[in-house]
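Among the features that Swiss-Prot reports, Ca(2+) 1 binding site is placed at Asp73, Asp75, Asn77, Glu84. Feature annotation from Swiss-Prot assigns Ca(2+) 2 binding site to Asp109, Asp111, Ser113, Tyr115, Glu120; the stated evidence is sequence analysis. What Swiss-Prot records for 60-95 is domain 'EF-hand 1', and it gives sequence analysis as the kind of evidence. Marked as domain 'EF-hand 2' by Swiss-Prot: 96-131.
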Amino acid sequence: MGNSKLSKEEKDEIMKKTKYTSGDIEQLTKDFKVAAASDKKAGFSQEEFIKFFRIRFNEWDEASMVRMFKLFDSDGNGVIDVKEFITALYMMTRAPTTDKLGFLFDLFDSDKSGYLEAGEIEKLVNIVVVCSSAMGYTTSEAIDFVYSITSIKISREEFVKSASQSDKFVRMICFYDNPCKQLLY
């Protein structure tokens, strides 16, 4: 990977998996080329990815942003290519809430055990507190909600089910729907 061009098959695959049109994908490809060109290399480095996504996730800490980069770097080569970039944007904007919550779970399940355990839950709570404070929620509202869905550990399925039932939680973690549907991100 690592390139900024999509084959017809890749474009068709992306359109099938996302709600993006052919025109959307063309625009995102152009945006990718501009955003990823700062270091004259193909694709987003970890630093460029974090800088780009920091706009939407400005309250997230550096370690969480690095984990996000690694999740989207699906081939593990240290560079986000155009296909990985478009997938990341879709996940952050137009993906169904349950997909976003599954992604959030994967982001914090650092040991890949299939469960969020005490230390991982603590990291999630820290992000929720920061995001919720920025949105005007009290710290206690954020912590109360997180601890209402789990005590010691929770599976991915339980997390997605519980969290998706709370609009407040979805807003607190900054995975809100894009209210302006004509914008791609």
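Note: Cβ is positioned from N, Cα and C throughout, glycine not excepted.
Everything Swiss-Prot records as a feature, shown here on the structure.
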residue	record	DSSP (3 states)
Asp73	Ca(2+) 1 binding site	coil
Glu84	Ca(2+) 1 binding site	helix
Asp109	Ca(2+) 2 binding site	coil
Tyr115	Ca(2+) 2 binding site	strand
Glu120	Ca(2+) 2 binding site	helix
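Residues of the domain 'EF-hand 1' (60-95) grouped by DSSP class, helix first, strand second and coil last, total 23 helix, 1 strand, 12 coil. Sequence-distant neighbours of Asp73 (Ca(2+) 1 binding site) (same chain, 6+ residues apart, CB-CB distance under 8 A): Val79, Ile80, Glu84. Cα-Cα distance from Glu120 (Ca(2+) 2 binding site) to Asp75 (Ca(2+) 1 binding site): 24 Å (rounded to the nearest whole number). The sparsest Cβ neighbourhood within 10 Å, among the listed binding-site residues (Glu84, Asp111, Glu120), is found at Asp111. In terms of local Cβ density within 10 Å, Asp109 ranks first among the binding-site residues Asp75, Asp109. Around the Cβ of Ser113 (Ca(2+) 2 binding site), the number of neighbouring Cβ atoms within 10 Å comes to 11. Distance from the CA of Asp75 (Ca(2+) 1 binding site) to the CA of Ser113 (Ca(2+) 2 binding site) is 21 Å. Cβ environment of Tyr115 (Ca(2+) 2 binding site): Asp109, Lys153, Ile154, Ser155, Arg156 lie under 8 Å away, each six or more residues apart in the same chain.
Geometry remark: Asp111 (Ca(2+) 2 binding site) versus Asn77 (Ca(2+) 1 binding site), CA distance 20 Å. Each residue in Phe108, Ser110, Lys112, Gly114, Leu116, Glu117, Lys153 lies on the same chain as Asp109, Asp111, Ser113, Tyr115, Glu120 and has a C-beta within 8 Å of the C-beta centroid of that Ca(2+) 2 site, without being one of the site residues.
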